[in-house]
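S.K.: Below are the structure tokens for one structure; questions will follow.
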Amino acid sequence: MSRAPLPLAAHERLIFALDVPSHDQAIAWVDRLGDSVSFYKIGMELLASGEYFHVLDALAKRDKRVFVDLKFFDIPATVAGTIRRLAQWPVSYCTVHGWHAGMLQAAAEANHGDMRLLAVTVLTSMGRPDLVAMGIDREPVDVVVERALAARAAGIDGVIASGQEAGPIRRATGPDFSIVCPGIRPGGPVGDDQQRTVGVAQAFIDGADAIVVGRPIRLASDPAAAADAIQAEIRAALMQNGD
């Protein structure tokens, strides 16, 4: 059975994508952003450095929330074993691929900690032509909602999906299902590899629980100020929603 969304404070709804190649660079970013960011996503690049769990431990010691974004996809027994071990760490979110119902159910049954599992639906870098090339001649939103419902039925706690689909997902799944939206672009589209993007406020108005932001903060002339500006947008959107 899916668990209720994490009880996130307003300042914990911004997740910074810590897409750097080393422990030292990761911690430098955490120190640089200070109190402006309380939640960090760590993904594949840090895994390849061999320092992944050192970073995870360092974040936990700084009282930061951690999102493990490794998009697990394997046979059910292998994924279940991985989730069982990972649930022993101080992790708030973890991603698994949303393509296999049996694997999702096994992952959900193995998750005995407070970690929330998020199913990957359709990557925000993909559009309809990419789906067609994979033999799926449907609109991304339809595929995403279908996978969100399948994930919930399997006991997964939520999804990671484009903000463009936050509204349809929320209407389909109801309030007790986590929606985390990556590819957020505070100033609008910027012509990078993200295709299905939305702004900060729109994601929350449409039902997101949290957003993931990377380059708009990392490439800003003043990253902490950029994060603070996003936090202000989040607070305003939550007030508009009555949260």
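Glycine too: its Cβ is placed from the backbone N, Cα and C atoms.
According to Swiss-Prot, the protein carries these features:
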type: BINDING; residues: D19, K41, 69-78, T124, R185, Q194, 214-215; note: substrate binding site
type: ACT_SITE; residues: K71; note: active site, proton donor
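So that I understand the layout, could you describe where these features sit and how close they are to other parts?
M.R.: Long-range C-beta contacts of G214 (substrate binding site), restricted to its own chain and to partners at least six residues apart, with a cutoff below 8 Å, comprise F16, A17, D19.
Under the DSSP three-state reduction, K71 (active site, proton donor) is assigned to strand.
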S.K.: For P76 (substrate binding site), what residues in its own chain, 6 or more apart in sequence, show a Cβ-Cβ distance under 8 Å?
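M.R.: Long-range Cβ contacts: H100, G102, M103, Q105, A106, A107.
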S.K.: Mind giving me a neighbour count for T124 (substrate binding site)? Other Cβ atoms within 10 Å of its Cβ, every protein chain shown.
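M.R.: Other Cβ atoms within 10 Å of T124 (substrate binding site): 24.
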